[in-house]
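Contents: one structure, followed by commentary.
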Amino acid sequence: MSANTSMVTEFLLLGFSHLADLQGLLFSVFLTIYLLTVAGNFLIVVLVSTDAALQSPMYFFLRTLSALEIGYTSVTVPLLLHHLLTGRRHISRSGCALQMFFFLFFGATECCLLAAMAYDRYAAICEPLRYPLLLSHRVCLQLAGSAWACGVLVGLGHTPFIFSLPFCGPNTIPQFFCEIQPVLQLVCGDTSLNELQIILATALLILCPFGLILGSYGRILVTIFRIPSVAGRRKAFSTCSSHLIMVSLFYGTALFIYIRPKASYDPATDPLVSLFYAVVTPILNPIIYSLRNTEVKAALKRTIQKTVPMEI
């Protein structure tokens, strides 16, 4: 290997630098989204942790998802805000590696956790008599722990191998964070093995959980149509359809980015697609899964009444 094969020590994240006249507006938009995301998800964590009525397996997974979303969005958005505010878009090689690891870690964990949540809903609706056995506290801990372990394995399975490859220039990443595909395009050596690894991991971590989710909700919908009450069917169908829209948005956009070879990465459109699973879904998840829930709203009301003694 020649002396200059790994000469790149930092990268330049282009992000939305081409929208020079909109930097201030973009900063305000992303700051608002980030603050709402953190506040909404943190609220869910606090409510589930403190309210005795929210101690079922469903809320255990919702609390885990909310904590996950705070970390997930914090990997990318604060750095994006810094770039928009200062105009300095450089990131060190080690910083890029850390960002990639944690993004993969949180993203893979969410892929597995959403499948566990779908299984929880299936068990609650389709197997109500066996639900306490199927989703015991021990089983919930095992499912959540397996999801977190999966995230660690994915992060460690990709990041060290990619950043052990030679980067000899250019160092410009047409993205607002260090995502695998655009980073791989900067590698000087052969990346065919890495690309195959990404495709296999994508099939395992996106297609398989998404298939399990669709299967679970398919069984749930069959059960829903057997509900005699029209109002009950409508309410259950509304909840399931909103959940399916969310998981389809998350898995679909991630699949679009990661299932393709690096040569097909489009710097004009792919960063916009990445926004959906990196920025949009973390703010929508607490709304779709929790804040529309009557039990969560009742818990919020009780918490406010305890904090501020007054008539609500």
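Quick reminder: no glycine exception, Cβ is built from N, Cα and C everywhere.
According to Swiss-Prot, the feature topological domain 'Extracellular' maps to 1-24 (among others).
Residues or ranges marked as N-linked glycosylation site by Swiss-Prot: Asn4.
Per Swiss-Prot, transmembrane segment is recorded for 25-45 (among others), and the stated evidence type is sequence analysis.
The feature topological domain 'Cytoplasmic' is assigned by Swiss-Prot to 46-53 (among others). Residues 59-60, 62-63, 66, 295-296, 298-300, 302-303 of the same chain lie 6 or more positions beyond the ends of the topological domain 'Cytoplasmic' (46-53) yet place their CB under 8 Å from a CB of it.
The annotation transmembrane segment is assigned in Swiss-Prot to 54-74 (among others).
For 75-98 (among others), the entry in Swiss-Prot reads topological domain 'Extracellular'. Note on the topological domain 'Extracellular' (75-98): DSSP counts are 18 helix, 3 strand, 3 coil.
What Swiss-Prot records for Cys96-Cys188 is disulfide bond. Under 8 Å, Cβ to Cβ, and six or more positions away along its own chain, Cys96 (disulfide bond) finds Glu10, Phe11, Phe163, Ile173, Cys178, Val183.
What Swiss-Prot records for 99-119 (among others) is transmembrane segment, and it gives sequence analysis as the kind of evidence.
Non-local neighbours of the topological domain 'Cytoplasmic' (120-138) in the same chain are 57-58, 60-61, 216-217, 219-220, 223-224, 236, 240, 243; each lies 6+ residues outside the stretch with a CB under 8 Å from one of its CB atoms. The annotation topological domain 'Cytoplasmic' is assigned in Swiss-Prot to 120-138 (among others).
Residues annotated as transmembrane segment in Swiss-Prot, with sequence analysis given as evidence: 139-159 (among others).
Positions annotated as topological domain 'Extracellular' by Swiss-Prot: 160-196 (among others). Within the same chain, residues 1, 4-8, 10-16, 75-76, 79-80, 83, 91, 93, 96-97, 99-100, 103-104, 257-258, 260-263, 265, 267, 270-271, 274, 278 sit at least 6 positions outside the topological domain 'Extracellular' (160-196) and bring their C-beta atoms closer than 8 Å to a C-beta of that stretch.
For 197-216 (among others), the entry in Swiss-Prot reads transmembrane segment, with the evidence type sequence analysis.
Residues or ranges marked as topological domain 'Cytoplasmic' in Swiss-Prot (evidence: sequence analysis): 217-236 (among others). For the topological domain 'Cytoplasmic' (217-236), same-chain residues at least 6 beyond its ends with a Cβ under 8 Å from one of its own Cβ atoms are 118, 121-122, 125-126, 243-244.
According to Swiss-Prot, the feature transmembrane segment maps to 237-257 (among others). Outside the transmembrane segment (237-257) by six or more residues, the chain places 107, 110-111, 114, 118, 121, 179, 181, 202, 206-207, 209-210, 213-214, 217, 220-221, 224, 270, 273-274, 276-277, 280-281, 284-285, 288-289, 292 with a CB less than 8 A from a CB of the stretch.
Away from its own ends, the topological domain 'Extracellular' (258-270) comes close to residues 14, 174-175, 180-182, 184-185, 191, 195, 198-199, 201-203, 206 of its chain (Cβ-Cβ under 8 Å, at least six residues beyond either end). Annotation comment: Swiss-Prot describes 258-270 (among others) as topological domain 'Extracellular'.
Beyond the transmembrane segment (271-291), the same-chain residues lying 6 or more positions past its ends with a Cβ under 8 Å from any Cβ of the stretch are 15-16, 30, 33, 36-37, 40-41, 43-44, 62, 65-66, 69-70, 72-73, 76-77, 103, 107, 117, 174-177, 179, 242-243, 245-246, 249-250, 253-254, 256-257, 297. Taken from Swiss-Prot, the feature transmembrane segment covers 271-291 (among others).
Recorded stretches compared: 25-45, 54-74, 99-119, 197-216; the one with the most Cβ pairs under 8 Å to the transmembrane segment (139-159) is 99-119. Pairs of Cβ atoms less than 8 Å apart link the transmembrane segment (99-119) most often to 54-74, out of 25-45, 54-74, 197-216. Within 10 Å of the C-beta of Cys188 (disulfide bond) there are 17 other C-beta atoms, taking all protein chains into account. Per-residue confidence over the topological domain 'Extracellular' (160-196) averages 89 (mean pLDDT, predicted model).
Sequence-distant contacts of the transmembrane segment (54-74) (same chain, six or more residues past either end, CB-CB distance under 8 Å): 34, 37-38, 40-42, 44-45, 47-48, 102-103, 106-107, 109-110, 113-114, 116-117, 120-121, 124, 135, 137, 140, 143-144, 147, 278-279, 281-283, 285-286, 289-290, 295-296, 299.
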